[in-house]
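Residues annotated as active site in TrEMBL: B:Glu248, B:Cys282. Among the features that TrEMBL reports, domain 'Aldehyde dehydrogenase' is placed at B:29-467.
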Amino acid sequence: MERQAVQRAREAFLSGRTRPLEFRLQQLHALQRMIAEKETEIATALKQDINRSQYDTPLLELIGIENEIKLAIGKLREWAASRPAEKNLLTISDEVYIQPEPLGVVLIIGAWNYPWALTLMPLVGAIAAGNAAVVKPSELSECSSLLLRALLPRYLDKDLYPVVTGSVSETQELLRLRFDHIVFTGSSPVAKLVMEAAARHLTPVTLELGGKSPCYIDKNCDIRVACRRITWGKFINCGQTCIAPDYILCEPCIQGRVVECIRQTLLEFYGADPKCSPDYGRIVNQRHFNRIMGLMEGYTPVVGGQSDSSQRYIAPTVLKDVPPHSRLMQEEIFGPVLPIVTVSDMDNAITFINEREKPLALYIFCSDKKAIKKMIAETTSGGVTVNDVMMHYTLNSLPFGGVGQSGMGRYHGKHTFDQLSHHRACMVRSLGMESVNLARYPPQNRRRARRARMALTSPLIDMSKRTLVWAILATIISLGLVIALLVILLIAAGLNCTCWYWRGFYN
Amino acid sequence: MVTLEPIIHLSRELLPTPKFFFGLTTNRSRVGHLPLEKMESQSQVLERLRTAFESGVTIPEKFRRTQLTNLMSMIKDNEEQIVNALHKDLTKPKFEAILSEVDIVMNELHYALSNLTSWMQPEYVSKNLATKLDDCFVRREPLGVVLIIGPWNYPMQLLILPMIGAIAAGNCVVIKPSEVSAATDNLITELMPKYLSKDCYAVVRGGPKETQALLKNRFDHIFYTGSQAVARVVLQAAAVHLTPVTLELGGKCPCLIYGRVNATAAAHRLVWAKFFNAGQSCVAPDYVLCSKATRDALVPALRQVLEDFYGSDIQKSPDMSRIVTPKHWTRLMGLLNRTKGKVVVGGEHDEKDRYIAPTVVVDVAEDDALMEEEIFGPILPILTIESLEESIKLTKRKEKPLAFYVFSDESSVVKKVLENSSSGGFCSNDGIVHMALPGLPFGGVGNSGFGHYHGHWGFEAFSHRRAVMLRGWALEKLNALRYPPYSDEKLSWLRWTTSPKSCSIM
């Protein structure tokens, strides 16, 4: 069944109907309509999957997708146009440009924590780039996946954008087939299997993985505001976000204050009993619930800690003085449990972060610009937000992606278009001007070789600083000379005019 | 856990692509003349490089400039030795060696040095209303310790050009030259530590076994130039560590000649591109598709141009290369013997000299031996297909190549081919030269590879683009729109502030 869907998508792609921009725009408009018209159904599906609150759905998923579609529709012509490239002396009369082209059939494997955003945002870029796309939503968010399978063919081209549902065996079946690019969002162990499968067909991959995103709070910053922002980011979607702040690093002297501020904020956000708040989510399934409860074993939380297995509810929980080698600090938590690890100072925090795998996101709360600059320069991560959390994800002009174990490749906005396109280098020459080419043909002698060297290696524009300075000086001087000339001419003309005027006056 | 042995064995047995790499046994001296006790183990080398990278020494611009300048000196000071080594390996004529291995590298170095400062600058991006007061930019950061595996056909260029990008991006680099081009391998091993920092850049030598062992280690990026079979093995090894990879492979680069065309000019350029380095270029035009009339005009033109270029006795011309090893020579002769086409030009060969004359074969069918795999030699099959559309369909039946060529004086023909084909790069009315421009990205698509390099693209290939958003403490009231408890009003305000076109005046 998967094989047939992929085969149909490939045939549809080879028919060439995704090439015209009008077709791609039409599909994007249709997708936009789908999101607008089916918001309620999507919200219901998410409520059943993950107990997502009514407002979290647009907030966390739909606004992002809407913005992506709007941007793609507005900018598609610009993105798909040929991009001129720098020439040299030999190619001065040629057309030299880069043409973005579709890759072919793209496979998009989504995740369960944001089942709509993480499948549809790459899909927007795939459509914009002119590809066909096979969408494989996660089976863990079952209602969303079935809804997507029902909705997408009603709005988009049925053959070009099939939805394939199923679990491990269906995914493995899909991965045996050949694609032109695979976009995978999920965990590292599965990513390794995806990459290995892709290797058989030499398929490039974009991997959006996770990791433990550290959150450093400097002792000299507005802790109240910092904690409010961190609390928002950590407990949204019940902590099941790849870029959620995984753990806090701070000095022991402010640990108490941090805990208090988080406790206060939790009260503001979800009330005294988060279980009753319509805005607080649940853990996706029993296995993850048990996993997160297991991580907390042996620790006494200072905030929260309550749970209810029947509802898969875990209260927003904070633990302090967590040892760096504890289980909590070995794997990505992906739940509403926030450990605080104390460090002696910022340098210590930097060392701590660098000892671990490169995270998907790094968060720094600090008021000192120099210190912030230092921390950014001495660490690495997929992305950084300073004095807030997760916001770098929301700006689609910023590339979103990981590095090292947190992933490879990037997307959002134009970056998705570029990631799912092939940038073809094009040189259009003419058969004329053959005399110029003579220098490179055998039989070779010193004179020819010298001429060839010169033609092929001299850049059209000398980019050195010295030339730039001379160019600017020359322009200023010549402008000055032109102005001087104009002034002289004007004066001369003026004198002439006034002569006439005075003559007239006296006459 | 992926083990490489069964895969390599399998790739040797099953895959039809040329066995350049892992299956090779040569009589040439392989691992160089350095005494064994002086050689570090691979893991010692990697540890040294990783420690150097973590110390931050490769980050400052000054360091990168110094290394690139030293690399430039290395090439300049040793030009003669480089040319000699290339002549020893491939009988590469001095002209070809200078143009395609020395000058192109020097050009790239000049380009990198001129542009390094601007490449390293943070790139500020456009913002929406919610982030108007924030600093939002993309920072280019080095990946860490990267591995560059070079091939034997352009042993300097295809190793040093990616290395330039890697150094410019601030990484530590391990290079693995091809043992098949042994003289160049020896030279690079000898020269590199004399000019570049020994702590940050290392040469690892050896054959298939040593490369296998090297691939078991963890790198932050692997850059491989070579064949599809080995590329699969490299990718499998990279998957174990989730290492990103750039693959520069090959393929059968078609050359379509249709419409009105000046046969002499086309022949000049075609012969130059095809027989440069005796056809052993990943972007050499592999086969020609044209109509009968064009073929009848083209073949005598080719014959004439070959004589103009190389004289009547091509084997004696100093401007013609040789096949790299006896094994490759045998493979090419095998193809020539099995072809059902007719040899109309050339066909002479000399096993001892590893010489095959520039050969043109006509009446080649789509299922001929010459159409099975990338030729990578001085044999040019011409397939006679009357219509342009049929030719394009034929190329679509094959894997996407690294380059696509079309010769025609009619721009409509060129446009049609361009729009109905896919390839790494495209060049009309010439061959190979499109890859000499540092402003154009050089890379494949599909089976010809993925990722790009040259110029700025090389810098990007070895960098991580880190998104940075610096927010302020103020405007907490604006942030309150996103906090629970949620409401409809908050939601509509939020939609407005985060929309891409929320305020066109600002």
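Glycine too: its Cβ is placed from the backbone N, Cα and C atoms.
TrEMBL does not curate its annotations; it predicts them automatically.
Remember, it's a predicted structure, so these values are computed and weren't measured experimentally.
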B:Glu248 (active site) CB neighbourhood, other CB atoms within 10 A: 26
Stretch-averaged pLDDT - the domain 'Aldehyde dehydrogenase' (B:29-467): 94
List of residues, in chain order, with Cβ under 8 A from that of B:Cys282 (active site) and at least 6 apart: B:Asn153, B:Thr225, B:Glu248, B:Leu249, B:Gly250, B:Gly251, B:Leu402
Coarse DSSP state, helix versus strand versus coil, of B:Cys282 (active site): coil
For B:Glu248 (active site), the three-state class that DSSP assigns: strand
